[in-house]
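Asker: Below you will find the structure I want to go over with you.
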Amino acid sequence: MLTNVPSPGGDPGIAISIRDLVKTFGDTTALDSLRLTARSGEVHGFLGPNGAGKSTTIRVLLGLLRKDSGQATLLGGDPWNDAVELHRRLAYVPGDVNLWPNLTGGEAIDLLGSLRGGLSDTRRRELLEKFSLDPSKKMRTYSKGNRQKVALVAAFSSDVDLYILDEPTSGLDPLMEAVFQECVQELRQAGKTILLSSHILAEVEKLCDRVSIIREGRTVESGTLSELRHLTRTSLKVETETPPADLQSLSGVHKLVVEGHQAEFEADTARLAEIHRHLASLGVRSLTSAPPTLEELFLRHYGDQSAAEPAETVVGAR
Amino acid sequence: MSALAGTGVLTRLALRRDRLRLPLWVVGLAALFASIGNSISDLYDSDAARLENAQVRADNVVTRAFTGPAPGSSSGALTVSEGLVFTCVLVALMNILLVVRHTRQNEELGRAELVGSASVGRHAGLTAALLLAGLANAALIVLSTLALLGMGMPAGGSVLAGVALGTVGMAFAGLTSIGAQLTESARTATGLGGLVLATMFLLRAAGDAFGDTASDKVTVNPAWPSWISPLGWGQQLRPYGESRLWPVALLLACFAVSVLVAVQLSVHRDVGTGMLPARRGAARARSSLLKPLGLVWRLQRGLLLGWIVGIAVFGAVFGGIGDQVEDLFSSEESAQFVRDLGGGGDLVDAYFAGMMGLLSVVVAGFTVQALIRLRSDEENGPTEAVLATAVSRTHWVLAHTVIALLGTALVLAALGLSTGLAYGAVSDDLTGALGDLLETTLAQLAPTAVLAGFALAVFGLLPRGAATVTWAAFAVCLVIGQFGTLLDLPDALIDVSPFTHLPDLPAESLTTAPMLVMSALAAALAAVGVAGFRRRSLALGG
């Protein structure tokens, strides 16, 4: 579709590459050496609490904000200098959709699609149906969820390489969220790249191949979900024939509470096999375990804001 | 009364939000009025000169229509004629913007919903807005009275002039509170307020124009249209003249009745909705909408239509009395006044040069309004969505510029056309009148383009202050255009306005040099603006 874009990134397998990105607004440092790599054809989750810098990163990628330093490459091009060419190949859904109040939703969809380089009428019709959106209402009369749908329909009706979605489901009801997830799955099967910024973990767990987690403008984790799970802990509750008093001596066991034959603790997911072997030797009567969630990982990073800066863990740099 | 619960907190919140804006308005308005007074005192420094000037003001239909006659022949009375109506229009504008900002805008942006969910009464928001307006207008009364007293004007008249400004403000605050119930969008509510203000000005102008000059040849008893306009009531307080207090009752009654109507309306509607229902529209976009130029046209065409209709009415009025100019300005003084305004030579030509010159600066208000949209859309979101598509920043700014200038040309053409048709009809020389007046008004496109270029440069380099700085520049041009020659402002100051660099058409003939210089300057400023915008980050709101 596009041949004349310079490709300083070089690697066609990489859709988005950000290194040491810094962006300040006056005295505030919004992005501080942020790193992010999204491969072509993957759904990349971009996680972080409110104010972590997700939207700022995305706006730098879209050439709307000028970076202070660092490198950012998008589809092989420079987000600032090649903005117009790059934007033909991507669709963007802002987190807060504020368009022209006196245009109808249908007009806004056609307009955004056309300015991007065209949209598929069939797709548009299907999506309006799926999202049950009335396109003949003026934008000012839509609720937040419906304004969000307008941007989603406009984006998903465009056949582009990259979809940048900034907290796209805020304001959508659970039914519509399911429709959204369906759409993302379809795009993934079609080989499209998707950058999905979110703070809804269930959504990210369901959709994303790999995730980057940021906090206060810095990347604190990145990798595939299973790699990140590896870093989390599994909660275990066990009752054994021999009292499990010696569990304390095993590495990877945390927050152990022993009461007679029963024990409750958290285990490093990486050490699970070893711990299981030990428990088996004690004679397991019952065992319940709760699987690790991203939520837990998230809370470990963000839950205790007063804790010292977390050590940066990066896995999956295969 | 539970409907007013929380009013105190909301009023303090409103004060906090406007802590800079309102003091600037109030001080600026009081200073403007006082500076007009100051210039008048300097300019007419003998009883004879003042009496002569007061008689010119009564004798001259256009002055009567524009500024209103003087209530007497003292310095204060001449100041009232020169500046009271004009300042009242600005006071009304302050009140319209204030009330919309603290009522409908809060609703449109969803703030009112959040606030309303707390223990806040149904009418607390409106009451807080009106209390704030009351405070601002009271401060204006005090400040302008003090400023006039400080210049040595008589006490009674000074108080009355201040009261006129403040109570006209209250009347418009009340009227706006009705408008804020009718529409869903703050922009439309403000537009509605502007429309009412323009109508009230026209009524007052017609009332004075068709009024009877009293036997003293100075005061004018206005015809009935003045009596249905708050601007007319404020003027009829006649400070430094007959000094009446009773029109204040009319103004306060207008405020009270308006507020009662607004309260009634608000009881019968839901939060966030208006009384005028929002209409449905097209499910698909026309192909003409799908390019930036088409989009901007769609966004601006309503505004443009309003301007064209409004300016055409003004043009028809001024053109229609064109054949009476010789009679209207029969005295030597009044003729000199016209020549000061519009250049020497034939009196009719000077009259049209002066009037069209003044109105063309007013038309630049459209240009500024249209270009400021670049900034408000950047702040509010739509620009982000557009620039995330394959539209370049240059393309986006150019689309706005083209529509703004094209629109300006249309408004100026409407002005020339309506004035020319009206004058042609009364003077039996349709082609001559049309040609002359179209050339006169369209030539104003050059200085307007300079102001547009300035607006773009500010937008590119100083986005956060763009709206304020651009409107201030427009206000400077307006004040210089309206009062520059009359008040003997220093040349260096007069030269700041691009509008003063055009020959006084049709009294003088069009020369290419200033047109070329102004076009080049406009292009250079616009280029600076585009370069600045291409270089900077979007300055988003929030």
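Even glycines carry a Cβ here, placed using N, Cα and C.
Caution: TrEMBL annotation is automatic and unverified by curators.
Okay, these came from TrEMBL:
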TRANSMEM  B:22-41  transmembrane segment
TRANSMEM  B:83-103  transmembrane segment
TRANSMEM  B:124-149  transmembrane segment
TRANSMEM  B:155-176  transmembrane segment
TRANSMEM  B:188-207  transmembrane segment
TRANSMEM  B:245-267  transmembrane segment
TRANSMEM  B:302-321  transmembrane segment
TRANSMEM  B:350-372  transmembrane segment
TRANSMEM  B:402-425  transmembrane segment
TRANSMEM  B:445-462  transmembrane segment
TRANSMEM  B:469-489  transmembrane segment
TRANSMEM  B:509-533  transmembrane segment
Asker: For the transmembrane segment (B:155-176), what are the same-chain contacts with Cβ under 8 Å, counting residues 6+ beyond its ends?
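Answerer: Cβ under 8 Å, 6 or more out: 29, 33, 74, 76-77, 79-80, 84, 87-88, 91-92, 94-96, 98-100, 129-130, 133-134, 136-138, 140-145, 148-149, 189, 193, 196-197, 230-231, 233-235, 237-241, 243, 245, 248, 251-252, 254-259, 262.
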Asker: Under 8 angstroms for C-beta pairs, at least 3 of them, ignoring pairs fewer than 6 apart in sequence. Is the transmembrane segment (B:445-462) in contact with the transmembrane segment (B:245-267) by that rule?
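Answerer: Counting Cβ pairs under 8 Å (6 or more apart in sequence), the transmembrane segment (B:445-462) does not reach the transmembrane segment (B:245-267), since there are fewer than 3.
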Asker: Could you tell me what the rest of the chain brings near the transmembrane segment (B:302-321), counting residues at least six beyond its ends with Cβ under 8 Å?
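Answerer: Residues 61-62, 65, 191, 195, 198, 202, 205, 328, 352, 355, 359, 362-363, 366, 369-370, 407, 410-411, 414-426, 433, 437.
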Asker: Are there residues at least 6 beyond the ends of the transmembrane segment (B:124-149) whose Cβ is under 8 Å from a Cβ of it, and what are they?
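Answerer: Here the qualifying positions are 3-7, 10-11, 13-15, 18, 22, 25-27, 29-31, 33-34, 37, 76, 79, 91, 94-95, 98-99, 101-103, 106, 112, 115-116, 155, 157-159, 161-163, 165-167, 169-170, 173-174, 177, 180, 259, 262-263, 266.
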